[in-house]
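Below: one structure, written as structure tokens.
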């Protein structure tokens with residue numbers, strides 16, 4: 001019996017070692033989209049020693065992205081290297097050396113290990129991108145989307161690499177937020193999943209795993225919570241100010257739901273809830289809000305337009 005147990009343990013250890021050996025060590029990363037999220041992901045990947053290519057439609061956008069990354073790195077080094085300014089300057093120099101930019105995604109994915117998409121939240125646009133890149137990327141390359149609300153499975157189906165496709169949902173601002181949701185579709189291989197988890201850890205994040213369900217973990221809980229706050233206000237049960245104070249002081253949240261809605265953008269929140277409602281029209285958690293729809297129609301989208309649920313100077 002003891003021999004059998006030892007034999008089983010050795011076999012299990014051998015299997016684990018074999019599985020680990022098969023994992024892809026991600027060194028070269030291509031990030032599509034030079035906005036806040038894409039630039040943030042590029043920054044943490046380059047800062048952790050990865051070779052990074054950041055891609056967008058124009059050199060002008062990419063110059064703005066690179067400048068933003070440099071400014072962000074300066075803020076990071078002020079804290080990280082407070083007593084060692086020379087080490088901070090070297091850290092910035094080394095990070096920026098790991099980063100290049102391009103306006104031609106197809107020409108740079110031929111030598112990449114991982115493609116992370118961080119473009120507009122539009123399924124058709126994302127699918128077209130992945131379908132194109134699928135033709136040029138090597139067989140071993142993993143594709144991942146940073147979407148916060150769209151189905152990863154639908155994107156994977158636009159390619160021939162469904163087993164090498166997953167979700168990597170970072171949070172804004174990427175350099176500060178420690179969480180990454182790693183999304184596994186029914187077709188994602190264990191090798192791909194483990195490679196994405198390892199990459200998340202390598203860039204200094206704490207990965208959590210979730211199936212390809214609407215909103216994954218954070219937004220699946222957060223968006224219905226914000227929508228229920230709007231319904232509470234719509235019914236006249238409490239003022240938006242008191243709801244915000246209640247959740248900050250009673251639940252310990254840093255922002256109330258209306259403050260958060262204005263911060264995220266009312267159009268973004270409406271887009272998410274409308275998408276989920278179309279998938280599950282009978283789910284009361286995903287019911288649209290007349291008030292939210294009205295504010296978006298009036299272009300009162302929150303902080304970015306100067307007015308949402310609150311007014312901003």
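Cβ atoms are placed via backbone N, Cα and C, with glycine included.
What TrEMBL says about this protein:
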DOMAIN    28-213  domain '3-hydroxyacyl-CoA dehydrogenase NAD binding'
BINDING   33, 34, 35, 36, 37, 38, 56, 121, 126, 148, 172, 304  NAD(+) binding site
BINDING   72, 79, 148  CoA binding site
SITE      169  site 'Important for catalytic activity'
DOMAIN    215-312  domain '3-hydroxyacyl-CoA dehydrogenase C-terminal'
The predicted model's mean pLDDT over the domain '3-hydroxyacyl-CoA dehydrogenase C-terminal' (215-312) is 96
Cβ density check for residue 56 (NAD(+) binding site), other Cβ within 10 Å (all protein chains) comes to 24
Helix, strand and coil residues within the domain '3-hydroxyacyl-CoA dehydrogenase C-terminal' (215-312) as assigned by DSSP: 64 helix, 3 strand, 31 coil
Whole-number answer please: how many Å between the C-alpha atoms of residue 79 (CoA binding site) and residue 126 (NAD(+) binding site)? 37
Near residue 148 (CoA binding site), which recorded positions out of 33, 35, 56, 126, 169, 172 have their CA within 10 Å? 169
Integer Cα-Cα distance in angstrom, residue 33 (NAD(+) binding site) to residue 72 (CoA binding site): 17
Minimal Cβ count within 10 Å, across the recorded positions 79, 126, 169, points to 79
Distance from residue 72 (CoA binding site) back to residue 35 (NAD(+) binding site), taken between C-alpha atoms, in Å: 14
Among the binding-site residues 33, 35, the one whose Cβ has the most other Cβ atoms within 10 Å is 33
